[in-house]
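J.: Structure below; questions to follow.
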Amino acid sequence: MSKVLEKEILEKESAGEPKQEILRVTDLKKYFPIKSGVLQKTVGHIKAVDGISFSINKGETLGIVGESGCGKSTAGRTIIRLEEPTEGKILFKGKDISHMKEKELRKQVRREIQMIFQDPYASLNPRKTLGSTIVEPLNEYNLYGNQKQRLERVGELLETVGLDSSYSNRYPHEFSGGQRQRIGIARTLALDPEVIIADEAVSALDVSIQAQVINLMQRLQEEFELTYMFISHDLSVVRHISDKVAVMYLGKIMEIADKNSLYEEPMHPYTQALLSAVPVPKKHGATQRERITLKGDIPNPANPPKGCVFCTRCPAAMDICREVQPILKTKKENHSVACHLFE
Amino acid sequence: MNAKEITVNQQDPEKVNNITNKPESLLKIGVEKFFKNKLSVLGGITIIIVVGMAVFAPWIAPFDPAKQDLLNTLAPPSMEHFLGTDELGRDVFSRLLYGARVSLLVSFTAVIGMKTIGVVIGASAGYFGKVVDSILMRFVDVIISFPQIFLLITMLAVLEPGLKTLIIVFILFSWTGTARLVRGEFLSLRNREFVLAARTMGLKTSRIMFRHILPNAMGPIIVSATLSVGGVILSEAGLSFLGLGIQPPTPSWGNMLQAAQDFNIMVNAWWYPIFPGLMILITVLAFNFVGDGLRDAFDPRDK
């Protein structure tokens with residue numbers, strides 16, 4: 001990084017400039033209709049995302065954790081508008097993009113929000129070389145002058161993510177999972193996005209490769225002031241990369257807090273149970289938390305429990321939990337939780 | 001400094017040259033694989049020969065296909081007429097060459113037409129889904145529900161039989177299979193992550209459909225196209241045999257067979273029905289072999 005940039009960053013920090021909010025989600029809902037019968041009548045809804053709210057500041061990382069089926073991926077896909085939200089608002093830089101038409105999205109939003117996908121084997125078109133995959137968005141938006149300059153830019157992008165620029169003639173099947181994920185990252189960077197939604201970006205990789213990709217993502221975040229929404233089921237990875245963490249369960253946010261606050265003092269019984277399942281290396285001197293075992297399975301999202309969605313498995317469930325839905329409320333500085341225990 | 005800008009280093013010129021080079025394409029890999037399959041190479045050679053015969057018919061044919069020689073009818077193969085002559089003394093070999101022109105013209109045009117319609121309709125149904133899908137697919141169901149052979153016969157009987165009519169009728173009633181095939185492919189491909197990635201890149205819908213999804217669905221389409229060529233040749237022969245296809249004196253393999261169905265001819269002049277029949281058999285078989293070879297060659301999964 002250039003010295004000028006470093007200086008600027010220092011100046012910014014010392015000036016204590018308030019961080020700028022870049023993405024705000026309010027009461028976002030995504031229901032998938034369940035259809036049945038010959039006439040395809042809608043008989044119910046899968047409430048994949050059921051009223052989540054949060055905001056991300058520029059340059060920050062919001063981690064979203066939860067077990068499979070809790071709606072975290074759907075949330076990501078709805079925010080990037082691969083899915084049409086059922087209800088709620090998505091504000092990107094103050095603009096409401098929640099019901100924007102595809103044409104408008106293309107003009108105003110698509111360049112700025114990008115996504116890294118989970119499966120590095122499925123996320124690259126097997127019929128296209130890396131070069132043509134990465135150059136395509138540049139062509140679409142007429143960036144970087146002529147074709148030759150664009151191809152140079154592709155080479156730079158590949159080098160930025162730690163690959164050789166000569167790889168652009170190759171096909172995806174010639175690369176390993178980790179390399180492909182780097183290619184995916186290079187592609188998302190092509191359009192100079194501001195927000196990157198990483199949907200289980202490292203879950204399909206070996207642990208050693210995970211670390212490399214995470215480090216790469218962190219380096220890029222610093223270099224290009226990226227904002228991440230990092231969706232994962234891996235609590236340790238989320239802890240490593242995030243500034244803020246949201247815990248989702250059955251389409252709802254149970255607890256959202258600054259990273260340290262959440263990991264050191266989890267409030268919600270669900271968060272406590274999740275964290276108690278994370279193995280702690282002995283040599284760090286830390287003691288393993290007492291294991292809280294949750295009984296039963298995640299309820300059917302088509303028919304969630306009446307009160308708190310977690311009440312069926314909660315070790316601390318009270319009568320009120322089965323009747324009244326708790327609301328996400330701020331309990332401490334930057335620490336909100338949706339639980340009746342803290343009313 | 002704007003942090004979004006990547007500082008451009010002085011690039012190593014060699015590397016830049018490298019990326020502007022033509023990539024080793026999947027086509028090349030595919031062609032290599034195709035050539036390893038002996039049956040499909042054989043099929044390919046056969047097709048080239050048949051196409052060559054059709055294209056160069058006026059130069060190869062020793063006789064005018066319409067020239068009659070009534071003193072020399074149903075002559076057995078000889079040095080002069082080496083596949084013999086027909087009931088009007090016309091040279092069977094020359095007529096086969098000109099017949100190849102008709103058969104191939106009809107089948108290629110019809111297949112290109114029906115695949116185009118099928119791909120566009122199937123792609124739209126599969127990609128857009130929902131109402132578009134329901135409407136288009138019900139339309140397909142309606143067309144499929146017609147008894148096709150009778151429909152073809154009726155259409156050809158009502159309209160003036162001939163080359164153009166034949167092609168149009170084939171196109172109008174045979175695109176449905178392709179539409180279903182392509183729809184299925186699009187349905188399974190449209191939610192693949194690379195398609196989602198293309199959407200988040202803001203690429204245009206038509207580009208996603210025809211540049212991203214379609215190339216990945218090309219294998220089955222090519223295979224079905226080659227098989228359809230064989231199918232259309234057969235149908236054309238069948239309709240001509242029934243007298244509804246190509247009208248004499250224009251020779252086609254089908255109407256040659258029709259002319260040869262007389263019992264007397266079958267018994268006494270075996271060369272007359274055998275050769276058009278063989279041509280149909282060989283050509284259809286060749287297209288089927290090539291279809292299989294192409295399917296294997298362009299499957300990126302087993303490289």
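Here the Cβ of each residue, glycine as well, is placed from N, Cα and C on the backbone.
Note: TrEMBL annotation is automatic and uncurated.
Annotation source TrEMBL lists transmembrane segment at B:39-61, B:104-127, B:139-159, B:165-182, B:213-234, B:270-291. Feature annotation from TrEMBL assigns domain 'ABC transmembrane type-1' to B:100-291.
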J.: Restricting to CB pairs under 8 Å, which listed stretch, B:104-127, B:139-159, B:213-234, B:270-291, is in contact most with the transmembrane segment (B:39-61)?
T.: B:270-291
J.: Under a Cβ pair cut-off of under 8 Å, which of the recorded stretches B:104-127, B:139-159, B:270-291 contacts the transmembrane segment (B:165-182) most often?
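T.: It is B:104-127 that shares the most Cβ pairs under 8 Å with the transmembrane segment (B:165-182).
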J.: Would you kindly list the residues that approach the transmembrane segment (B:213-234) from elsewhere in its chain, counting only those six or more residues past its ends and only Cβ-Cβ distances under 8 Å?
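T.: Beyond its ends, the transmembrane segment (B:213-234) has Cβ neighbours at 103-104, 106-108, 110-111, 114-115, 119, 123, 127, 170, 174, 177-178, 181-182, 185-186, 189-190, 195, 253, 280, 283-285, 287-288, 290-292, 294-295, 298-299.
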J.: Could you give the residue numbers and ranges of same-chain residues that sit at least 6 residues beyond the transmembrane segment (B:270-291) on either side and whose C-beta is under 8 angstroms from one of its C-beta atoms?
T.: 39-40, 42-44, 46-47, 50, 74, 76-77, 83-84, 86-87, 92-93, 96, 99-100, 103, 222-227, 229-231, 233-234, 237, 253-254, 256-257, 259-261
